[in-house]
Amino acid sequence: MKIIIDDKIPYIKEAAEKIADEAIYAPGKDFTRELVQDADALIIRTRTHCNRELLEGSKVKFIATATIGFDHIDTEYCKQAGIEWANAPGCNSASVAQYIQSSLLIWKSLRNKKPDELTIGIIGVGNVGSKVAKVAQDFGMRVLLNDLPREEKEGNITFTSLEKIAEECDIITFHVPLYKEGKYKTYHLADGNFFRSLQRKPVVINTSRGEVIETNALLEAINNGIISDAVIDVWEHEPEINRELLEKVLIGTPHIAGYSADGKANATRMSLDSICRFFHLSATYEITPPAPSSPLIEAKDREEALLKMYNPIEDSNRLKSHPELFETLRGDYPLRREEKAYNIIGIK
């Protein structure tokens, strides 16, 4: 079996070579029809667009994307061509929650906010949104949830409307998949009308997909003081992001909220597992991220400890200094571990 693998997917080489007769590694943007022509499977990230142009006439039978999102896969074409695929739902949910937790700590400190006086609106309550809700509850915030597909299945006891979130929330964070059309369309969900409906000058956070927020509408909301701040990890037209928006957001990062080593290891494992299931392979492998360079953290309180584990301002400063390096900063992202990798001392 021959597998073509995105060369930025970590911790995969040894395991992949246990299940493949031949494994070829290439940059995600360089996957071509010629490269994939005689491959049985692909393991990709969002940079590889799997569509007719890439896949037609190839031997590819299965695509594993080491990501939660799958809008870079033309699922209709794959269905027609008999190509199956799998994503990695929930793989990096704890990583995104860590990013938002640290971002909120920075924001509340800079803006003198008391968490128990704040209301957060979480739009999209899947694997990530559910973990963010737990973070907010631990902070003592009031939590409002919006998830139309879940509300239709489960009823509206748990969920609320976008209108109520716009009226009552001090923090609004997006965790929806990107749907460009249909009943659950999320493309430009936050448009000019949405921003004009906001009542409390909230901080707006987007770690889902860039196209969920209309860039010009967000810029207008910042310029007109409709929102107090923005924390943006995902952008329209990546990697050619809007430089003016980058300059004006509180925190702007190169699509790395889910890039903890733990989340990457989960995604790698899930991708390999899906290939083994599809091809009926039996393989034993371990996907273990490296230990942090300083696993012992000394801090006077939990908030200090969390920011020592991960401070998104560092990632933001790098991108703001070199926006032209968006792809490089994302592809060569330094080791970041989640809380379970650390021991904390000094908290009384």
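Glycine is no exception: its Cβ is also placed from the backbone N, Cα and C atoms.
Per Swiss-Prot, the feature active site maps to Arg209, Glu238; the stated evidence is sequence analysis. Swiss-Prot lists His255 with the feature active site, proton donor, giving sequence analysis as the kind of evidence. According to Swiss-Prot, the substrate binding site annotation covers Thr46, Thr67, Tyr259, on the basis of sequence analysis. What Swiss-Prot lists as NAD(+) binding site is Asp147, Asp233, Gly258, and the listing cites sequence analysis.
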### Query
If you count the other Cβ atoms within 10 Å of each Cβ, which of the recorded positions Asp147, Asp233, Glu238 comes out on top?
Asp233
#### Entry: the residue listed as 'active site, proton donor' and Asp233 (NAD(+) binding site), Cα-Cα, nearest whole angstrom
5
### Task
Check the Cα distances from Arg209 (active site) to each of the recorded positions Thr67, Asp147, His255 and keep only the ones within 10 Å.
His255
#### Entry: Listed recorded positions among Asp147, Glu238, His255 whose Cα sits within 10 Å of Thr67 (substrate binding site)
none
### Query
Cα distance, Asp147 (NAD(+) binding site) to Thr46 (substrate binding site), nearest Å?
24
### Query
So what sits near Gly258 (NAD(+) binding site) in its own chain, CB-to-CB under 8 Å and at least six residues off in sequence?
Ile68, Cys91, Asn92, Ser93, Ser95, Val96, Tyr99, Thr207
### Query
Which residue, of the binding-site residues Thr46, Thr67, has its CB surrounded by the fewest other CB atoms within 10 A?
Thr46
### Task
Identify all same-chain residues not among Thr46, Thr67, Tyr259 whose C-beta atom falls within 8 angstroms of the centroid of the substrate site's C-beta atoms; report them in sequence order.
Arg45, Ala66, Ile68, Gly69, Asn92, His255, Gly258, Ala267
### Query
Who sits close to the residue listed as 'active site, proton donor': which same-chain residues at least 6 apart have their Cβ under 8 Å from its Cβ?
Asp233, Val234, Trp235, Glu238, Phe326, Arg330
## Note on the structure
Integer Å value for the Cα distance linking Tyr259 (substrate binding site) with Asp147 (NAD(+) binding site) is 24
### Query
Just how spread out is the substrate site if you go by the largest Cα to Cα distance in Å among Thr46, Thr67, Tyr259?
13
